[in-house]
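According to TrEMBL, the substrate binding site annotation covers His144, Thr145, Lys282, Asn291, Arg300. The divalent metal cation binding site annotation in TrEMBL covers His174, His219, His274.
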Amino acid sequence: MTVSNQLDARKSAIKLAVTPGEPAGIGPDLIIMLAEQEWEAQLVIFADRDLLRARAALLGKKIDIIPYSKGMDYIQKPGEIIVNHVPCAKEPIAGILDSENGHYVVNTLRLACEANMEGEFNAVVTGPVHKGIINKAGVSFSGHTEYFAVQSNTADVVMMLATDGLRVCLATTHIPLAYVSKAITRERIEKVVGIMHADLQQKFGIEHPTIYVCGLNPHAGEDGHLGREEIEVITPALDRLRESGMNLVGPLPADTIFQPKYLEKADAVLAMYHDQGLPVLKFKGFGNSVNITLGLPFIRTSVDHGTATDLAGTGQADTGSMARAINKAIKLAKLKL
Ligand SMILES: NC(=O)C1=CN([C@@H]2O[C@H](COP(=O)(O)OP(=O)(O)OC[C@H]3O[C@@H](n4cnc5c(N)ncnc54)[C@H](O)[C@@H]3O)[C@@H](O)[C@H]2O)C=CC1
Ligand SMILES: NCC(=O)COP(=O)(O)O
């Protein structure tokens, strides 16, 4: 059987554009480890093919690289990796960050996003990037969430991390703590809750979502004695949204909102900032969670962890979150078919 016959024989329905992220991190390892299993979608990896070959050799894994060409309709078999080659500037060393490859990382994201927006793919799945080294390379970059919003001309998007029994969304994402209070405006809260509500209905099939909302200050401001954002910003925004029939609870103190009696009623919890919500989520489900960007005009899922350079090339990286990110993207893509 010729290669083209083999390729023709395996038709795919769902196509995912996958970026491994930082080349010195565990992203390439995850791609190689997950290539050992069968997937019900075509996974096209936007990465340097030589990086994947070298990392596979380091991990003692045998892989076959299949070059991707536009329109190719083929699902990889275990051991095969379909690659849309994006060259690194410099040969990466597992575990050692190098700003010379900062532009490479952003190129993989740009190309995957563009191909996806042109309709070539059903979703984008991202591995972890190192925000610091990208900035060191001279590219202003605060995260995939913000990057894809700009690339797709979307004014407001929402970061959600989801694990079994808990979905946490963030009102603000990658900004210094000192800027959080100013970023929490009535308009932002209304937009974020509106996006959450719509996506809980459309992406998660929840007809009447219940959203629990954290306060910003200790004890949700203690009637204004410990901060006034709850009184002046969050409550008026929620009250306005309630007029349209949304089921919203809060603002509640963030230190007690994450308890079973609330969580069993909550379809999602809105935290005001990154480290208010994500430590709880990761304590519950690190390695078994998926990051989903709500409000984008396309499906984008990602891992719950970072670049873990301490584990790159060791074979010790847990593939659980990346596998979930791929499976969630497939599930969401099927809903849209
Ligand atoms: N989706 C993304 O692109 C994300 C990127 N990051 C970036 O990652 C970089 C490093 O961040 P850190 O705070 O050190 O977090 P990290 O998640 O890379 O590492 C924290 C700890 O968790 C362990 N760990 C992480 N992923 C693991 C896995 N799959 N299997 C087993 N152990 C794992 C690491 O070994 C380390 O001990 C930062 O630049 C950060 O911005 C962080 C979170 C998400
Ligand atoms: N803590 C989540 C994180 O840093 C990943 O964000 P993003 O790169 O998906 O925007």
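If you go along the chain as it appears here, the first residue is 1 and each next one adds 1.
Keep in mind that glycine also has a Cβ here, set from the backbone N, Cα and C atoms.
As the structure is a computational prediction, the values presented were derived from the model and not from experiment.
Using Cα positions, the member of the binding-site residues Thr145, Lys282, Asn291, Arg300 nearest to His219 (divalent metal cation binding site) is identified as Lys282. With respect to ligand 2, the binding-site residues His144, Thr145, Lys282 contribute His144, Thr145 as residues with a C-beta closer than 6 angstroms to one of its atoms, given in sequence order. Sequence-distant contacts of Asn291 (substrate binding site), defined as residues of its own chain at least six apart whose C-beta falls under 8 angstroms from its C-beta, comprise Met159, Met160, Leu161, Thr301, Ser302, Val303, Asp304, Ala325. DSSP gives Asn291 (substrate binding site) a strand state. The Cβ of His174 (divalent metal cation binding site) has 15 neighbouring Cβ atoms from other residues within 10 Å, across all protein chains displayed.
Highest Cβ count within 10 Å among the binding-site residues His144, His219, His274, Lys282: His144. Counted over every protein chain shown, other Cβ atoms within 10 Å are most numerous around Arg300 among the binding-site residues Thr145, Arg300.
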